[in-house]
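Novice: This is the structure I have questions about; it appears just below.
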């Protein structure tokens, strides 16, 4: 199956299914000499892993990553980095009743038509379980970007109808929702408790921000940085929309409001989300992701079986009532991977480019 590799100079290839023996990633193109440890990777994996609160799937996976190659005495060698996470808490029997049915709004129907065979256990390859390897690979990218003064951070900005204003980065890591507003957490918990009683699911919005990105990243025309970020972020399970900067709000803006004016002291706004003409401007890069409600719920839904007969489908098993709750580390990982790839591509072509114009920040 193609489409398992992302990137051009810094590439990430993943393999594995939700209920298979393990998940695997091959990370290629990382420069040699980068200090890296299991703890660097495990930190973000622990932020993403299931079973950490009552508001996520109760599947218990330690998600302990193993580094198989490409690292020697705590430093990258420049060779391919092999990563592995073993699956330890599969309950495949939960899915035996739906092996010949198609769950509404799930990938069952489309995988069946594309390949003629599918792993029905937990969604197989289409499961968000695969994103554990992206997070592990993304931790390598984040470590490299940090050596260049670049940080990538994210937070939940909306859960269902509840909008979450940004207050502090410190709050993000202090609750299960990655909420930047601690005062919103009780409301989010109450909403999720009621959602569970209703046997339903809900969507979410995640915001991810990269700071310290130098001007010049992005390869027009078809590899514009915003196009590449949209590609990377849209590849995450359940993501149905991506905005860069003001995004769809720019439809209602006038040019006098939307344009990010420049002064010697810096840009006056950042409606462009840190990208102009497909190239980073030096401002913070800001992206927003819309994640749909998970389709795996216990409320019956109409569908068909493999023979086309009408059926009612009830999905058993352990599922996230809101996949957005664990999506923040995944979004950070994909943005970091995309930025590292473009940073290396920029170096390859433009390392000797020098201009006298100062780099502007945001006032």
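Even glycines carry a Cβ here, placed using N, Cα and C.
In case it helps, Swiss-Prot gives these features for our protein:
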type: BINDING; residues: 48, 54; note: NADP(+) binding site
type: BINDING; residues: 125, 126, 127, 237, 238, 277, 292, 293, 294, 295, 296, 318; note: FMN binding site
Novice: At the Cα level, what's the spacing in Å between residue 48 (NADP(+) binding site) and residue 125 (FMN binding site), rounded?
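Specialist: Checking the Cα atoms of residue 48 (NADP(+) binding site) and residue 125 (FMN binding site) gives a distance of 18 Å.
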Novice: Run through the Cβ atoms and count how many others sit within 10 Å of the one on residue 296 (FMN binding site).
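Specialist: Result for residue 296 (FMN binding site): 24 neighbouring Cβ atoms inside 10 Å.
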Novice: Indicate whether residue 48 (NADP(+) binding site) is helix, strand or coil by DSSP.
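Specialist: Note: residue 48 (NADP(+) binding site) is helical by DSSP.
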Novice: Within a 10 Å radius of its Cβ, which of these binding-site residues (127, 294) has the fewest neighbouring Cβ atoms?
Specialist: 127
Novice: List the same-chain residues at least 6 positions away in sequence whose Cβ sits under 8 Å from the Cβ of residue 238 (FMN binding site), in sequence order, or say none.
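Specialist: Once residues fewer than 6 apart are set aside, residue 238 (FMN binding site) is near 128, 203, 291, 292, 294, 323, 324, 327.
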